[in-house]
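Each remark here refers to the structure printed beneath this line.
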Amino acid sequence: MAKPAKRVAVTGAAGQIAYSLLFRIANGDLLGKDQPVILQLLDLPQAQAAVKGVVMELDDCAFPLLAGVVITDDPKVAFKDADVALLVGARPRSKGMERKDLLSANAEIFTVQGAALNEVASRDVKVLVVGNPANTNAYIAMKSAPDLPKKNFTAMLRLDHNRALSQLAAKSGKPVASIEKLAVWGNHSPTMYPDFRFATAEGESLLKLINDDEWNRNTFIPTVGKRGAAIIEARGLSSAASAANAAIDHVRDWVLGTNGKWVTMGIPSDGSYGIPEDIIYGVPVTCENGEYKRVEGLEIDAFSREKMDATLAELLEERDGVAHLLKN
């Protein structure tokens, strides 16, 4: 017997990331090949015609799992009974825009969306914020949804995780699928800290295999941190397909489990690893039965502490920059 359809809300539905995302969701890549989905698509009033065009294409794919589509400019319609909410739309940084202006423009969007989720979404809704600054946007949405569990709100660090995996595979000559126990700590920004001290490939320590601290500090960490900028430089457009792929990975693993493998998610801190509570911070997790669980008890050396504190300082600055815009 067919499963009842799950409702997946996607914001920024007319944008480039959504264009790479929606067809894969409708194809079963997000929630499984036996799980029908209803897409609930949100974008601005001026983007509604473009969203309709995307939906025409979705129709033309005749996806067996696509049980329905809603198009709206009202967050309360888009998030109604949503099981998953992918918050992709955000205000991009325009030329000459100060970071604080970007923060307040996004605070406005994510307070409204957080409040709408609070009011109408499923109480078990899984929220992934993709739109930048993702960690702080997720924090704003979480703080604007006091009736939903904090653990429902996450930010995407999976793109950074996947970028780090690919760099490590290239350097070590090992298949990307063989690499386990990678962590990416902190903010989805160039301050993030990709950490392969615990990582293995085919059971061997990557630290021993690569054995090049200079490469780690001066090539690997900056390459992962600045990869988004390098793609804009090369392509003239920001990474969209790889971001959509990471969003699929993040939610699929959260829902269907990681079989004990570590992945990175931006989640509300519980105070461990010296991160203040509620800050949405990238940490290694495993997922099982629809829940994520942080990997605990990892040793933090002096270099790692310095890196983790630097990315935390940026997150605290962002949090303080939006504090006056939040009621709670």
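Backbone N, Cα and C atoms are what each Cβ position is placed from, and that goes for glycine too.
For the substrate site, Swiss-Prot gives Arg93, Arg99, Arg163; the one candidate out of Asn132, Asn211, Asn216, Asn218 that the record lists there too is Asn132. Cα to Cα, Gly12 (NAD(+) binding site) and Asn132 (substrate binding site) are separated by 12 Å. Nearest Cα neighbour of Arg163 (substrate binding site) among the listed binding-site residues (Ala14, Ala18, Gly131): Gly131. Here the CA atom of His188 (active site, proton acceptor) lies 20 Å from the CA atom of Gln113 (NAD(+) binding site).
Secondary structure at Arg93 (substrate binding site), taken from DSSP and collapsed to helix, strand or coil, is coil.
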